[in-house]
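Note sheet for the following structure.
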Amino acid sequence: MFDNLKEKLGSFRDEAEEAAEENVEDVDEDDLKEADPDAAAAPEPAAESATDDAAEPAIGAGATPGGGAEPVSEAGVGADERVDREESDERSAEALEDDATDRVGEDDDTPAESDEGEADPAVTDEDDLAEADEDEASNGSTGFGRKARSLVKGKFVIEEEDLEGPLYELEMALLSSDVEMTVAEEILDNIREELVGETRTFTTSTGDVVEEALRDAIYDVISVGQFDFDERIAVEDKPVTIVFTGVNGVGKTTSIAKLSRYFEERGYSTVMANGDTYRAGANEQIQEHADALETKLISHEQGGDPAAVLYDAVEYAEANDVDVVLGDTAGRLHTDEGLMDQLEKIDRVVDPDMTLFVDEAVAGQDAVNRAREFDDAAEIDGAILTKADADSNGGAAISIAHVSGKPILFLGVGQGYDDLERFDPDEMIDRLLEAE
Ligand SMILES: Nc1nc2c(ncn2[C@@H]2O[C@H](COP(=O)(O)OP(=O)(O)OP(=O)(O)O)[C@@H](O)[C@H]2O)c(=O)[nH]1
């Protein structure tokens, strides 16, 4: 699923990481000996845009023995942390050492402490202080200075031009993966905002910083409008009526059957209603699903009034304590005024609790455009994106929420009744960014 997009995001990550690596600044011993706090301290950036992990501060670059612990002002240094450090004129070597071992990555020349080690700081501190003294004696640097140097190892600033190449590549990749233009631009803007021009510190690697930026940038566009579907169903008065819309053949009826299974598994009873009175064979098709799932189907003759079918289904649900009414509708084009009028009539007659737009991931940009147009014509509450299992591009999955303002709620991932996944933006990103 979404393999093309995954691959392209992976390439961007590698290229951006390379750009970041090229900008990693080391501070050498001489600079530290001069111990000029102003020079050592990086400019104070807007901390908010740095994520927690990425922004884990490197501390104490400006620390001078006896001068107090002048912190390096880096992205994401917590205000409390900064204040604490600034106020701590008596900052001890132990405290510095603790911070050092907490924050320095594996390439630090200070051996990293294990959690157990931290639980017994006295032992390690003594060892490390002895080591620091040796260091001081051998190269003339101070013990504090040695720590400080190791801590500022992970500092870099990426300028716009460093990212120009990778970002251009990423834009092309997103567009060729069917990501809608404005969505691709939004992702790029988010990445720029996250990565460009601010001094970053990092605890493990530049790769983590880049990945975090990519993660945030994508999360921002795919999480638009998300709500807790299960909670919404739980709190609605029963029966809850859900109407499904979308064009022909995208998997509406199959999705209704999958959701019937989904609800039954969560303890809700369901009834299906065939509001597709337009297409010959529609009753038989949905009846097969109802039989397989042992669910009641309400249907009328072909050519009947879809609103009347749904009305009957709601009445049936009320009379029989059924929790959820799942209403199919005829596949329609948003441009088909007659069919769109029918939707309006359904809205008026049964006042559904939710209208879900169904489309197929493999339709890419077409699915994105239809989501917007259906929402304009008959407001939708969310989308089900079917056939994600057959889609390697992922453009619709990335774009629909941002373009329509309505969330993707489910992914169809196969033809079986259990092949339905709740759309979770975090999981989606994990999937996209997971290592090959
Ligand atoms: N691979 C895959 N196939 C799916 C998925 N969802 C539906 N399908 C298949 O898509 C085809 C069309 O599905 P239907 O449910 O009949 O589509 P529909 O939108 O109801 O079609 P109409 O009733 O003609 O409007 C069927 O062969 C389904 O098995 C999915 O998530 N993955």
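Glycine too: its Cβ is placed from the backbone N, Cα and C atoms.
Just so you know, TrEMBL annotations never went through curation; they're auto-generated.
TrEMBL annotations:
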- 1-144: region 'Disordered' (REGION)
- 1-14: compositional bias 'Basic and acidic residues' (COMPBIAS)
- 15-33: compositional bias 'Acidic residues' (COMPBIAS)
- 38-49: compositional bias 'Low complexity' (COMPBIAS)
- 79-94: compositional bias 'Basic and acidic residues' (COMPBIAS)
- 95-137: compositional bias 'Acidic residues' (COMPBIAS)
- 246-253, 328-332, 386-389: GTP binding site (BINDING)
- 407-420: domain 'SRP54-type proteins GTP-binding' (DOMAIN)
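Here the features listed in TrEMBL are placed on the structure.
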residue: GLY246; record: GTP binding site; CB count, 10 Å: 26
residue: GLY249; record: GTP binding site; CB count, 10 Å: 9
residue: LYS252; record: GTP binding site; CB count, 10 Å: 25
residue: THR329; record: GTP binding site; CB count, 10 Å: 27
residue: ARG332; record: GTP binding site; CB count, 10 Å: 22
residue: ALA388; record: GTP binding site; CB count, 10 Å: 25
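With a threshold of 8 Å between CB atoms, the same-chain residues lying at least 6 positions outside the domain 'SRP54-type proteins GTP-binding' (407-420) that come near it are 1, 222-227, 229, 251, 254-255, 257-259, 261-262, 292-293, 356, 360-361, 382-389, 397, 400-401. Mapped onto three states, the DSSP output places THR329 (GTP binding site) in strand. By the rule that a residue counts when its Cβ sits under 6 Å from some atom of ligand 1, the binding-site residues GLY249, LYS252, THR329, ARG332 yield GLY249, LYS252.
In three-state terms derived from DSSP, GLY249 (GTP binding site) belongs to neither a helical nor a strand segment and is classed as coil.
Mapped onto three states, the DSSP output places ALA388 (GTP binding site) in helix. Mapped onto DSSP helix, strand and coil, the domain 'SRP54-type proteins GTP-binding' (407-420) counts 0 helix, 6 strand, 8 coil.
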